[in-house]
Structures are given as C-alpha cells and as structure tokens.
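These features come from TrEMBL:
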- 445-460: compositional bias 'Basic and acidic residues' (COMPBIAS)
- 532-582: domain 'Cationic amino acid transporter C-terminal' (DOMAIN)
- 445-464: region 'Disordered' (REGION)
- 605-631: region 'Disordered' (REGION)
- 31-50: transmembrane segment (TRANSMEM)
- 62-82: transmembrane segment (TRANSMEM)
- 94-115: transmembrane segment (TRANSMEM)
- 163-180: transmembrane segment (TRANSMEM)
- 192-209: transmembrane segment (TRANSMEM)
- 221-246: transmembrane segment (TRANSMEM)
- 307-336: transmembrane segment (TRANSMEM)
- 357-376: transmembrane segment (TRANSMEM)
- 469-489: transmembrane segment (TRANSMEM)
- 501-520: transmembrane segment (TRANSMEM)
- 532-553: transmembrane segment (TRANSMEM)
- 559-579: transmembrane segment (TRANSMEM)
Amino acid sequence: MSFIRFLRLLTRRKVIDNDLSNSQLRRCLDVFDLTSIGVGATVGAGLYVVTGQIARDVAGPAIVLSFFIAAVAAFLSGICYAEFGCRVVKAGSAYVYTYSSLGEIWAFIIGWNMILEYVIGTASLGRASSEYIDSIAGGAIRKFFIENIGAFKVSGLGSYPDFLAFILVLLVSMIVASGAKHSAVFNKCVTTVNMLVILFVLAVGLFHVNPSNWAGRQQFLPYGVSGVLAGAASCFYCFVGFDVIATASEETINPKRAIPLSIMLCLVISFLAYFGVASVLTLMVSYNKLDKFAPLPEAFKATGIPAAKYVIAVGGLCALAGSLMSGIFAVPRIMYSMASDGLLFKFFARIYERTNVPLISITFAGVLSALLALLLDLKQLVEMLSIGTLLAYTLVSISVLVLRFQPGVEDVSYDEDTPSSVRSYKVICCQKMLPESKGAEYKPLESVAEDKNQENKASEEPSTSTSHIANAAISLQVVGLAGFCALLIAGWGDLGDGEAWAVFTAVFLGILIIFGFVVMQLQPKNKARFPFKVPCIPWLPIASVVVNLFLLLKLSVWTWVRFSVWMILGFVIYFGYGIRNSAEGNPKQDTNDNDFILQGTPDVKQDVHQVQPSRETDDKEPLAASFSDPS
C-alpha cells in the first residue's frame with residue numbers, strides 16, 4: 001500500500017444520510033426529553049459542592065463572574081455543536097461530526113476518548129453517589145463493608161469494595177436498557193426534583209442575604225482578577241456534559257430542530273442555576289466561612305434553617321442520579337455509531353428489537369463502569385475526563401471552520417408538517433408518471449430556483465484545491481494558537497520581562513496565525529444553508545478553539561501520559577480491525593438510478609402490485625399501485 005493511499009484511508013470522510021426513516025433506533029425523544037438529559041449531565045453534584053469550594057479557595061464572591069466567563073466559553077462550543085446537530089442527524093455526537101468533516105482517524109480518536117470519558121465519569125459518579133448516601137447514613141455503609149468484607153491495601157484500588165456503587169450503576173444501566181423513552185422519563189423526574197430544590201435554595205436564601213458580604217473590592221474580589229480567571233477555568237467543567245444531547249440524534253423526533261434548541265436551553269438553564277446558587281451562597285455567608293464539603297447545608301444552618309439540609313440532600317441525590325443516567329445513556333450510542341461504521345466490532349451495533357436500543361453496548365458499558373466503581377480509586381483518573389471532552393470540543397469547532405470551505409456541501413432544511421419521505425414520494429411519482437419528452441419541463445420549483453442560483457454562484461463556490469488550501473491555513477492557525485497558549489502558560493513571566501526568546505516566539509507565532517487567517521479568508525466559502533448556523537464566522541469557532549486549547553495545555557503531564565496509553569490501545573484496534581472494516585472503505589452497492597423506492601408515510605398505507613419499469617423497457621407503462629386509507 002502506497003503512503004498516499006494510506007493517508008487517504010486515514011482522512012476519508014463519512015457520507016451522511018439524513019433520511020430520518022433510515023435508522024434502527026426508535027425516534028421518541030422531544031425537546032423536553034433532550035433538555036432534561038443535558039441538564040441532568042451538567043447540573044450535577046458539582047452545584048452542591050464545587051460551587052462552595054471555588055468561592056472559598058479560588059475566586060471569592062467573584063465566582064459569579066467566573067461562572068459568567070465559563071458560560072460564555074461553553075456557549076462557544078455549544079453553538080458549534082448546535083450547527084452540526086441540525087446538519088447531521090446520526091448518533092455519535094462529536095465522533096460523527098468529526099468523521100463527516102475532518103476524516104476517519106480524527107473521528108476514531110474522538111470516539112475512542114469519549115468512550116473512556118463517559119465510562120470513567122459514570123464510575124466516578126457511581127462512587128460519589130455511594131459516598132453521598134453513606135454520608136447521609138453517618139458512615140454506616142462504609143463501616144459495614146470494611147468490617148464484613150475487608151479493606152483494600154493495594155495502591156490504585158479503593159479503600160474498600162464499594163458494592164453500593166456497583167449496584168447503583170447496574171440499576172441505572174437497566175433503566176437505560178429498557179428504552180430511550182423510559183430513560184427520558186426517569187431523567188425528567190430526577191432533573192425536575194433537582195430544579196425544584198435549586199428553586200427552594202434561591203427562594204429561601206434570598207430572604208437571608210447579607211449585602212455586606214459583597215461590599216467593597218476586598219470582600220467581593222479577594223483573590224483579584226487572576227482568581228476570577230482561575231475560577232472560570234474550574235467553572236468551565238461544570239458546563240461539560242451538554243454534548244450528551246447530540247448522542248441521541250437518531251432517537252429524536254425532529255433532530256434538526258430539537259438538537260440545537262435543546263443544547264441552547266441546557267446551557268442557559270445550567271448557567272442560571274450555577275449563577276443563582278453561587279450568588280445566594282456568597283451573599284448568605286462570607287466566602288471565607290463556607291464549609292468545604294457541604295457549603296449549602298452549612299450556610300442554611302448558619303442562618304437558622306438547619307432543616308434545609310434534608311431538602312438539599314434530596315436535591316444532591318437527584319443530581320447524582322441524573323448525571324449517572326446521562327453518562328450511561330451516552331456511551332452505548334457512541335459505541336453503536338462507531339460499530340455501525342465498522343471502526344469497532346460489529347456486535348456493538350446490534351439492536352434489541354423489543355426496546356430498539358443497542359443492548360450489547362449498554363451491557364458492556366454498564367458492567368465495565370460498575371466494576372471500575374466497585375474496585376478502583378478513581379481520583380487519579382478523573383482528570384482524564386477533561387482531555388476527552390476538550391479534544392471533542394476543539395475538533396467540533398475546527399470542523400465548523402472546515403465545513404465552510406468544503407465543496408459540495410448540500411443545504412439542510414426541515415419541514416415539521418411534511419416528512420421528508422412524503423416530499424420525496426411526491427417528487428418521484430410526478431417525475432415518473434410524466435412522459436419522458438416532458439420530464440425536464442416539470443421540475444419542482446425548488447430545483448428550478450436552485451439551478452438559477454448555481455449558475456450565478458458557480459464561480460464563487462469552493463473547489464477541491466481551495467478546500468485543501470483552506471484546510472492547510474486552518475491547521476497553521478491551530479498550531480500557532482496552541483503554541484501561543486503554551487507560551488502564555490509556561491513563559492508568561494519571561495514574556496512580561498521582555499526576554500528575547502519569549503518575545504521572538506510570540507512574534508513568530510503571531511505571524512503564523514495572521515498568515516494562516518489571511519490565506520483562509522481569501523478562499524471561497526460554500527453557500528450551504530442549515531436551520532441553524534454559527535454566526536460570526538470565523539471568530540466564534542476560533543475563540544472556542546483558543547479556550548479549549550488553553551484548558552488542554554493546563555492539564556497535568558500524567559494526564560497526557562495516561563491519554564497516550566489509552567490511544568495506543570485504541571490504535572491497535574483501529575489499525576488491526578477498523579481501517580479494514582470501515583463502512584466508508586466497503587460501501588454498500590448503490591441502488592440503480594432507474595430503480596425508485598416509494599417510502600411509506602405515517603398516514604398512507606400502500607401496496608405496490610407492479611414494479612416500476614426501467615427506462616430501457618417502456619417508460620409510458622403506467623405505475624400500478626393501490627392506496628388504502630388505514631381508517
């Protein structure tokens with residue numbers, strides 16, 4: 001195999017079929033279901049613990065500014081996901097978005113890391129749920145397991161076998177295996193209770209605020225601007241999880257509308273919840289008196305409402321349950337999508353007919369997560385959650401840029417009242433029933449208008465060569481931005497002192513970024529229209545890339561070492577199995593251009609008694625079909 005052919009295999013892109021009827025999964029989720037799943041993933045236990053820790057040790061009451069900055073950064077990535085959500089209606093989230101834009105190898109890297117991210121996240125949430133219940137029980141559960149089963153003395157394992165965490169993960173996995181609708185109902189219940197508890201905290205807390213806790217710069221901004229920025233980096237991870245919405249595209253009733261809307265609603269609700277709780281918490285109690293582990297219950301206790309801790313405990317349990325559900329919900333959808341594309345073993349794509357879910361994938365993800373929660377000390381692995389998420393956010397933002405300069409990108413539109421199958425049926429029947437001599441005269445009005453627009457814009461459309469130039473320019477910018485972020489992190493002091501190496505590096509990277517930007521902007525963009533498009537191209541995607549690259553480079557060296565080990569295992573699977581079994585490398589035999597398949601509609605039952613003739617036989621022979629109303 002030549003090197004050029006090998007590169008083509010690595011960079012081949014997935015051809016997206018946006019026919020809503022072409023899916024083995026059951027479409028049963030609406031905007032409310034998806035928003036609940038997203039909010040369950042983002043507004044988790046961190047609201048009840050992390051908020052107080054950041055306010056106490058990092059940002060002070062200015063944590064509200066940190067949450068605002070973090071929300072803006074999360075919105076940048078969310079907007080990019082929203083565009084792809086209406087353009088690509090397949091399960092897989094960032095994996096399938098990257099596959100359709102950047103190519104197979106990048107898609108595998110993202111999908112493989114998203115699997116690890118959600119499995120570790122689910123296991124850690126199972127462990128956290130167990131510890132939360134144990135704290136409510138006064139440590140009785142931990143004591144029982146240590147006394148009756150024993151404690152672990154091996155480095156890397158937990159302090160004891162946490163069977164409660166094991167059971168909790170398996171129970172939630174069983175709910176997910178029962179079907180997408182049952183999962184959505186459970187998630188709506190726990191998320192609703194969580195939101196009601198948050199409203200309780202806000203409503204009751206507002207009657208016990210002390211404005212003097214925010215009075216003066218020293219009280220509101222005790223750690224300075226640097227504390228606000230450091231707090232924003234920590235707060236950003238509170239918004240991580242909205243991408244779980246995009247994994248359910250194939251189970252959504254109207255994904256081209258529901259996915260973008262749900263992502264935006266999820267981020268807005270999450271921001272209001274975090275911003276509101278942080279405001280009330282730091283106004284009720286001085287930031288330096290906040291409890292490190294239970295800030296909300298202790299704050300209410302300090303203001304004379306100790307009974308509030310029971311309400312908050314219920315909210316915390318529901319928040320953990322929602323996050324646990326979202327994690328287990330996402331993993332099998334990603335595995336199903338990768339297996340359907342041939343990059344993972346095919347049995348992961350098998351659908352259980354009774355519930356229309358990938359049961360083998362759910363079982364694998366649930367059992368693996370449960371075993372990790374049972375045995376391991378996950379604290380050292382939790383930071384690996386960040387690397388998968390940030391890589392996904394970065395590549396989705398880059399994909400939005402790449403998409404603008406790709407040739408042959410088709411418009412995407414939706415019509416809620418007329419399913420695509422009905423529209424395609426009408427066009428096929430009209431064209432087939434007309435005499436051949438008049439077939440060209442009776443085109444759909446959309447096609448006529450499109451033909452005229454194409455004549456006027458042909459010279460403005462991108463070509464393969466301009467697309468390659470734009471991709472190279474985008475790559476140049478990403479390299480330059482990554483280098484600049486690394487310089488700010490490692491050499492900020494030297495840059496401020498005017499050290500020659502730092503100044504020279506900054507100037508060189510600046511020239512690289514500007515050159516790439518100018519070359520990119522000189523290339524023609526496609527005119528494809530989507531129901532939702534990222535505004536302010538290229539500024540918003542570039543800003544999203546900068547934020548995510550900065551946070552990636554802030555991760556510890558050991559996180560990157562563990563990431564490398566995980567990727568070595570992944571590449572063994574990809575180069576040993578995936579690259580040879582990829583669906584893009586083994587396409588199904590195309591349907592003959594002269595053969596038409598009349599797709600069924602929700603309102604009409606049809607029985608075709610005679611196959612339509614091909615053009616080589618007799619085009620004037622009538623189509624014999626009978627239609628009967630189901631009523």
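Note: Cβ is positioned from N, Cα and C throughout, glycine not excepted.
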Result, the transmembrane segment (307-336) in contact with the transmembrane segment (469-489) (3+ CB pairs under 8 Å): no
For the transmembrane segment (532-553), sequence-distant contacts whose Cβ falls under 8 Å of one of its Cβ atoms, 6 or more beyond its ends: 73, 76-77, 79-80, 82-83, 85-86, 233, 236, 260, 386-387, 390-391, 393-394, 397-398, 400-401, 404, 477-478, 481-482, 485-486, 488-489, 517, 520-521, 525
Composition by DSSP (helix, strand, coil) of residues within the domain 'Cationic amino acid transporter C-terminal' (532-582): 40 helix, 0 strand, 11 coil
Cβ-based contact of the transmembrane segment (307-336) with the transmembrane segment (501-520), 3 or more pairs under 8 Å: no
